[in-house]
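*Asks:* In case it helps, TrEMBL gives these features for our protein:
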- B:23-258: domain 'ABC transmembrane type-2' (DOMAIN)
- B:24-43: transmembrane segment (TRANSMEM)
- B:63-82: transmembrane segment (TRANSMEM)
- B:103-128: transmembrane segment (TRANSMEM)
- B:140-164: transmembrane segment (TRANSMEM)
- B:171-190: transmembrane segment (TRANSMEM)
- B:233-255: transmembrane segment (TRANSMEM)
Amino acid sequence: MNDATVVRAVDARKSYDGAVALDGVSLDVREGEVFGLIGPNGAGKTTLVRALTGTVDAEGTLELIGEPAGDSDRSRVGLLPQEFGPPARLTARELVAYYGGLYDESRPVDDVLADVGLAADADADTWYENLSGGQKRRACVATALVNDPDVLFLDEPTTGIDPAGRRALWDLLDALADSGVTVFLTSHSMEEVERLADRVGLLRGGELVAVGTPAELVADHGGPARLVVSGPEIEAGAEPLRAAGFGVEVGADELVVGDVSPAELGDAVAALADAGVGYESLTWTEPTLEDVYLRLTGEEFEGAATPGASAVGGDGDRTGIERGDATTAATAEAER
Amino acid sequence: MSRVGRIRAETAAATRSFLRRRTAVIFTFFFPLLLVLIFGVLVRTQPGGGGLFAQPDAYYLPGYLATVVLFTPLSRVGSEIARHRDGHRFEKLATTPLTRGEWLLAHTLVNVGVIGVASLLVFALVTLVTGARIPVSVDLLLLVPLVALAVVLFCGVGAVLGRVSDSQDGVIAASNSVALPLLFLSDTFVSPDLLPEWFLPVVNLSPLTYFSRGVRALTFAAPEGDGLAGLGAAANLAILAALAVVAFGVGAVAVPRGE
């Protein structure tokens with residue numbers, strides 16, 4: 001990655017029939033950087049991709065590879081639209097050859113198909129409409145790679161792809177980024193963005209409300225780590241923990257201890273032991289990018305996924321004495 | 001190579017896509033053949049009689065050919081644009097070097113090929129089945145540019161219909177609404193003497209009229225009509241060419257850019 005800016009938006013604004021899709025978005029993406037864009041449905045992610053690729057007009061300054069977005073060198077740009085549906089009765093091989101044929105220079109079709117895991121003849125020579133959902137998406141990704149782009153826009157590239165295929169695609173994107181390709185990625189998968197992106201931007205209601213590395217966003221907006229102590233009659237442990245200096249919320253058969261660092265775990269356990277309070281499980285959870293997402297988008301709500309629950313899903317770093325019950329933890333978090 | 005290569009790639013993809021939709025292929029050729037069989041064989045003409053189909057068989061060849069050069073490009077290009085919009089293909093194409101004019105040219109070439117073959121079948125069927133007498137001369141070769149230019153013209157109109165319609169259903173409805181009046185009021189099946197005097201200038205406004213009269217000047221021994229109907233094939237061809245250039249230009253601008 002170097003300091004050259006290849007994607008730039010300054011005060012980008014766009015409305016559709018009075019509904020604001022972009023509300024003063026400004027960002028820079030550097031050459032070789034993987035930039036992840038997250039946000040709820042309707043936040044403006046796809047509109048921002050379209051504005052940056054010049055496929056819709058928007059107010060403000062929008063530049064791609066040093067040119068106004070609509071005038072940039074098209075041979076250097078690759079795009080995978082969100083709901084892309086290519087000609088259904090072309091084979092995967094024909095599709096890649098077709099889009100490759102639109103450029104003066106393109107990569108060998110078989111190489112591109114191999115990159116997305118469709119190298120086998122049985123897959124490559126199957127009509128697009130007869131491929132599985134994941135294979136279709138991979139074929140679509142291939143059409144964005146065939147011109148060997150310098151800047152790659154991928155609008156939810158792994159939707160519908162199975163875990164193995166998704167990880168293979170992540171490895172491919174890693175390799176592309178390592179080779180200097182700039183990747184602008186939108187996704188609803190926090191795991192994907194956390195895994196791939198050098199920096200992440202969060203859109204909400206057309207506004208870019210936070211930008212930074214995943215670690216920076218978690219540190220700034222993720223909230224405190226917490227400890228969940230579960231067991232019958234566990235409420236007896238609330239006072240000893242408070243006496244030891246911890247903030248405690250009491251839930252149904254559990255205590256949620258807020259802002260606990262790893263170094264303080266021993267103190268919490270000792271406070272319970274000294275008070276003779278037994279427990280069935282202790283679960284410590286660090287905030288994750290999903291916590292950031294839920295907090296900044298205001299999508300936290302009772303009974304649904306929350307920071308604690310998301311960590312159980314595998315996104316967070318968990319120091320688990322025993323794996324906790326996500327639903328219970330989520331409820332406690334929401335009530336707090 | 002750039003432009004030629006891009007058009008070749010788009011044309012090849014569009015051709016494959018069309019040929020693999022068997023229903024579309026069958027009906028593209030079946031519809032005009034059905035018309036010839038219904039009107040040319042079952043209804044039959046009554047030379048010298050009154051009403052519709054009172055002219056000799058050869059008089060109606062332009063009408064049969066008009067069905068393919070009119071309906072097929074309108075519905076095919078319009079539907080193709082609707083399909084492209086549904087699949088966000090224009091959004092993708094807008095980030096490639098392919099221009100809107102190149103896209104329309106590629107799809108027009110496919111239509112010229114398809115409709116050329118269909119026209120040949122119609123021509124053969126009309127002459128073989130209805131017994132129409134077509135004067136054979138080297139001038140008949142002018143039928144090729146007449147058909148090609150008419151296809152170009154209506155591909156441009158089809159692009160406009162595709163742009164203004166918001167779905168494939170809408171495209172079909174719009175193309176039928178445009179095509180049906182044009183088909184019967186463009187000096188094709190309905191001869192001008194069956195229309196009121198005041199309406200004849202409207203006939204001259206239809207681009208299909210120049211195709212019909214051009215074809216008739218080549219294939220019917222005694223061209224009839226009034227006004228521009230008396231022009232020869234070359235003059236009608238020239239007018240059709242001018243209209244085709246305009247329609248193609250408008251159609252190219254109408255092709256969506258980023259949907």
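Heads up, the Cβ atoms here are built off N, Cα and C, so glycines get one too.
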*Asks:* Between B:24-43, B:63-82, B:103-128, B:140-164, B:171-190, who has the most Cβ pairs under 8 Å to the transmembrane segment (B:233-255)?
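*Replies:* Looking at each of B:24-43, B:63-82, B:103-128, B:140-164, B:171-190 in turn, the most contacts to the transmembrane segment (B:233-255) are made by B:140-164.
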*Asks:* Can you name the far-off residues of the same chain, 6+ from the ends of the transmembrane segment (B:24-43), with a Cβ under 8 Å from a Cβ of it?
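*Replies:* Distant Cβ neighbours of the transmembrane segment (B:24-43) are 18, 53, 57, 60, 64, 67-68, 71-72, 76, 114, 117-118, 121-122, 125-126, 129-130, 189.
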*Asks:* Do any residues of this chain, six or more beyond the ends of the transmembrane segment (B:103-128), have a C-beta under 8 angstroms from a C-beta of it, and if so which?
*Replies:* 7, 10-11, 14-15, 18, 28-29, 32-33, 36-37, 40, 57-58, 60-61, 64-65, 67-69, 72-73, 76-77, 80, 93, 134, 143-144, 147-148, 151-152, 155-156, 159, 248, 251-252, 255
